[in-house]
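Below is one structure; the comments refer to it alone.
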Protein chains: 2
Amino acid sequence: MNRTAEALRKKDAVAVLREHGIKVSHQRVLVLEYLLEHDTHPTVDTIYQDLLPHVPGLSKTTVYNTVRLFVEKGIAQELTIEGTEFRYDIADPSHAHFKCVRCGALYDLPLPQELSAALRVPPGFRLEESHLYLKGVCPSCTRTN
Amino acid sequence: MNRTAEALRKKDAVAVLREHGIKVSHQRVLVLEYLLEHDTHPTVDTIYQDLLPHVPGLSKTTVYNTVRLFVEKGIAQELTIEGTEFRYDIADPSHAHFKCVRCGALYDLPLPQELSAALRVPPGFRLEESHLYLKGVCPSCTRTN
DNA sequence: ATTCTTGCAAATCATTTGCACTTTA
DNA sequence: TAAAGTGCAAATGATTTGCAAGAAT
């Protein structure tokens, strides 16, 4: 990535932070950039390990603080499909998550239009967030039967 | 509950274990009965605390072993909606789970027919399990605004 | 008798907390 | 410079593991 693209990317992240009323810091920009560029549903530890070489002295606590803040402000969403650790995503209600029970890989799958339309909740409930978690065997593992 | 009903209940649990190829033990019968009678999505600790008075010497490890076995054999399902702890259910794909972000209560909600029908997965994926987790505010908390 | 199950204690691992230091508006 | 953000170390809490004793067929 050249200097111009990098500058643009940083500007984007800063803009997103400002739009959501979040104070800008070096660490927050980097974590947000990381999430914007990786649709890999990383854990806190993954984000931390990947960022550490570029941010000497980074603390895992800061990554925890930062992703929690992003979730509160609606920038990111917390995936609980694993059950043992949280994964993070740029918030996007338009897809489901599929976990391969063989290899553990996590896929984004398109959410059928009819499905989100059918998503209703009984009177009295106010729906704020929904997650469709699917489990099974992915194409790659099916081939390697 | 009178003696006859209790005997029937126990017979049911034993039958379910046998049908699923699980060896019968005192502890397994009691944990299964607990799940059959409580649609409260209990955690391991809740099951343990509730059963302990009736099963002196019960170990939490045994509850962990037992629910894991039930999940493997398809009797129970593991809910990951909390993200911090597992909850357990008699396996039933016909409803969604709603978590109130105010009070933390967990509700079973009927799953719209169209929704399960629309649930498709791209070619190559084999779907084995699906969970729809909803979050928002429950009727009781909406009233107490 | 052999195999499976149970229970205890210790280990593990993700996440949270308390607090002192630093950065930023 | 006041308010907020960061980082370290220690605490917490759910789950897992190793292993010895007990139960079932």
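Placement of Cβ uses the backbone N, Cα and C atoms for every residue, glycine included.
Just so you know, TrEMBL annotations never went through curation; they're auto-generated.
Going by TrEMBL, these are the annotated features:
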type	residues	note
BINDING	B:Cys100, B:Cys103, B:Cys138, B:Cys141	Zn(2+) binding site
Counting other Cβ atoms within 10 Å, pick out the least crowded of the binding-site residues B:Cys100, B:Cys103, B:Cys138, B:Cys141.
B:Cys103
Which residues, in sequence order, are found in the same chain with Cβ within 8 Å of the centroid defined by the Cβ atoms of B:Cys100, B:Cys103, B:Cys138, B:Cys141 at the Zn(2+) site, excluding those residues themselves?
B:Val101, B:Arg102, B:Gly104, B:Ala105, B:Val137, B:Pro139, B:Ser140, B:Thr142
B:Cys100 (Zn(2+) binding site): secondary structure state under DSSP, collapsed to three categories:
strand
